[in-house]
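Encoded as structure tokens, the structure appears first; notes follow it.
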Amino acid sequence: MAEGRGSRERPDVETQKTELGALMGTTLQRGAQWYLIDSRWFKQWKKYVGFDSWDMYNVGEHNLFPGPIDNSGLFSDPESQTLKEHLIDELDYVLVPAEAWNKLLNWYGCVEGQQPIVRKVVEHGLFVKHCKVEVYLLELKLCENSDPTNVLSCHFSKADTIATIEKEMRKLFNIPAERETRLWNKYMSNTYEQLSKLDNTIQDAGLYQGQVLVIEPQNEDGTWPRQSLQSKSSTAPSRNFTTSSKPSASPYCSVSASLIANGDSTNSSGMHSSGVSRGGSGFSASYNCQEPPSPHIQPGLCGLGNLGNTCFMNSALQCLSNTAPLTEYFLKDEYEAEINRDNPLGMKGEIAEAYAELIKQMWSGRDTHVAPRMFKTQVGRFAPQFSGYQQQDSQELLAFILDGLHEDLNRVKKKPYLEPKDANGRPDAVVAKEAWENHRLRNDSVIVDTFHGLFKSTLVCPECAKVSVTFDPFCYLTLPLPLKKDRIMEVFLVPADPQCRPIQYRVTVPLMGAISDLCEALSKLSGIAAENMVVTDVYNHRFHKIFQMDEGLSHITPRDDIFVYEVCNTSMDGSECITLPVYFREKKSRPSSASSGAVLYGQPLLVSVPKHKLTLESLYQAVCDRISRYIKQPLPDEFLSSPLEPGACNGSRSSYEGDEEEEMDHQEEGKEQLSEVEGSGEDDQGDDHSESAQKVKGQPRHKRLFTFSLVNSCGTADINSLATDGKLLKLNSRSTLAIDWDSETRSLYFDEQESEACEKHLSMSQPQKKKKAAVALRECIELFTTMETLGEHDPWYCPTCKKHQQATKKFDLWSLPKILVVHLKRFSYNRYWRDKLDTVVEFPVRALNMSEFVCDRSARPYVYDLIAVSNHYGAMGVGHYTAYAKNRLNGKWYYFDDSSVSLASEDQIVTKAAYVLFYQRRDDECSSTSSLGSFPGSDGGVKLSSSHQGMGDEEAYNMDTN
């Protein structure tokens, strides 16, 4: 891809803004192509054209010119141009339709060597169609049947068909077009599934990240290499799938997909191959497995294979699997009589059936682990946000599963319309009973029986004191955590002393503080005055942003590389200094290009020069002094006859102090003159400058290491050149300079290793400030039930005042369910800041007494025991999910890490990773599910084994995150 084209093809900024603005609202259409652009380049373009009405400062000025499109910040490997993992839309990149991309490409070009990042729009959802751009393609492992060790990786869109894969594999393995082939999924060393429907898309086929596909060419005699293996694999005529060489009588293992096996398989999973029929569920209707469970496998201790960033799903499923009332409901096939296929809010019973089959497999006692591929496929059909292979939130998936199961199993076939009623002064008990009965008239399922409780919500108008009391059902409690007030930042301080390396510091600053707070904190550690600091965000060898002191720290994300420069506001003699950004560039010879033809490298500089001495010579010397630590000066015999000889500073259009500022409407015009040298002209700068020019004239000087260019703020486009006649340069605080090196000079005189070297301050090695002591779960509950005032953007409409009011609002708990799910709200974010609260929340493993938080004083005692925990390790958007769960059959705790299951002890469970807690209510009397459906809190629960004896030989487990 060529670099930027000439500016004559580029319309004025207003036209650009209008044309792109109209295109940015383009609706996503299936199969359409959209392009990724690095958000930093796009933000620079928006500033240049004044795209946002609130950011119109210096619109169209040359220093804001974005230069050619540069997506290098999105690549983990610049050679292969592979996208970094976990990129976030709008934060890391923007998506533009093809027409918008073509316009930008025509106007600005693209950095040399970069290919456009083009992606297709794919459609998700079975009933409600949802289009989205498929940013991350699916990686498949491809091999040929005769040489399974030669595996090639290829990327495909989920909208591609199986035929597309076959065509690519024929090409890769040199298989003639006339030769018949078959495609197989390879799940384990000996388990295969034939992909016979070539018109199926990858999404429909349920292929997942890293899936191995095998292409099998037909023998010349018309037989197939795998045919003999298939005939040996099974004797069951109704089943094309086996995971063992011996037949199985289990109808659960009989599915429609064609699978064969190469021999014995002890741990393979039937979940790989469950066929999905568009006209029905595609799952077996019962669980009457005749094959006895293994005596060595405890039912329920079944790991779940990671299908590609699906640890979040595995964690949620393990917690649900160990929720005894729900699991027993499915194992006893009670769900079959309650499936509601006609519920418009449901999923035709398919989520319930998929979940039932998975639970039966996990509790069969036959498998140490299974791959929940079909369950994930079913979830993705109805909830497109979970259909890909990017990390998701276990609590969000949990909420979808519970809601999906509820609607699929809702016993109410026709929901009545019910008018909501306010309390109007009636007793709470009356209003609560009415609200719960109305809820049950529309919602009656095992999920309601097991997980639903009742909130009391009280709103008070600040003007008329109107009190509104309502009661609403809930399925889980989302509890806020006390917010931390500080944040830890790691920054680099670049001292003014050129012989000092940059120093990395770790500082504590207010979470919602300003840049000035960062400078003050850094000043205390370094001894450098805060007023002499300039805070910058360095990205791709340039300043992405130079911050003002009053800007918020919320603009700085953990991903940013923050460099703080010590600058001189005044010189030694007290005169005012100007501080200029300076970039390093290696000049390339590109005479036909309107762009700079230069590549940025190294760490950018902020160079301070006295205004009254701002000549080219003094600027050159100031830069040389600033970089003296990592450059070598030329040898004495490397002289030039004059420091200002033509070509030394590629001067053309001079910039003089006192001249009227020139309008740079066409950068190309300036570019055409870069190689010319302007005459010295009239000396109107005074005797001092004339004398200075005479002083250096004729003196032998060292060979110049670099030349100067006045560039845009990205360093990607030349704007002007600098005067070579000793007169003062007309530069201001918005000017940006580049020092251009040729390749040979850079390799001879520039020390790359030393230029990147830095020191670490003691703050980096010292233990971080001890965090606040662990928070008790009761503190989170108290915070949840604390009265608050509604925000101005979230007011309440007062029926008495007839207007919206910032009322006070208070939540209370009225009744609690059998299974209490507690979601600890660890993730918080705003437009600029995304954070995870890693506070340790101390929650009881046994005897959590919630009675004191229930405002219904006539209610029974609410005492709970912990049964499962979903853990999250890492930061927001990345990391790894696991689970702790208590097996109901032996009363022991286990740690579930995808396919791995290991014994755990109670003292391992309470950690800062705990994210979702599952509690089961203690019941005074044993009651079965026949009591389900009564008022929450008034019924008993299913009494299960609750052995709390010693764990026995607990195993320490070291998590290996993916």
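Cβ from N, Cα, C; glycine included.
Feature annotation from Swiss-Prot across Ser7, Ser592, Ser680, Ser690 places phosphoserine at Ser680.
When Ser675, Ser765, Ser934 are looked up in Swiss-Prot, the one carrying the note phosphoserine is Ser675; the rest have no such note there, which does not rule it out for them.
Taking Swiss-Prot as the reference, the stretch among 459-463, 479-483, 779-783, 844-848 described by the feature region 'Necessary for interaction with RB1 and RBL2' is residues 459-463. In terms of DSSP helix, strand and coil, the domain 'Ubiquitin-like 1' (142-226) has 15 helix, 33 strand, 37 coil. Confidence across the domain 'Ubiquitin-like 1' (142-226), taken as the mean pLDDT and rounded to a whole number, stands at 86. Under the DSSP three-state reduction, Ser445 (phosphoserine) is assigned to coil, being neither helix nor strand. Taking a C-beta cut-off of under 8 Å and a sequence gap of six or more, Ser445 (phosphoserine) has these contacts in its own chain: Glu338, Leu405, His406, Glu407, Leu409, Asn410, Arg411.
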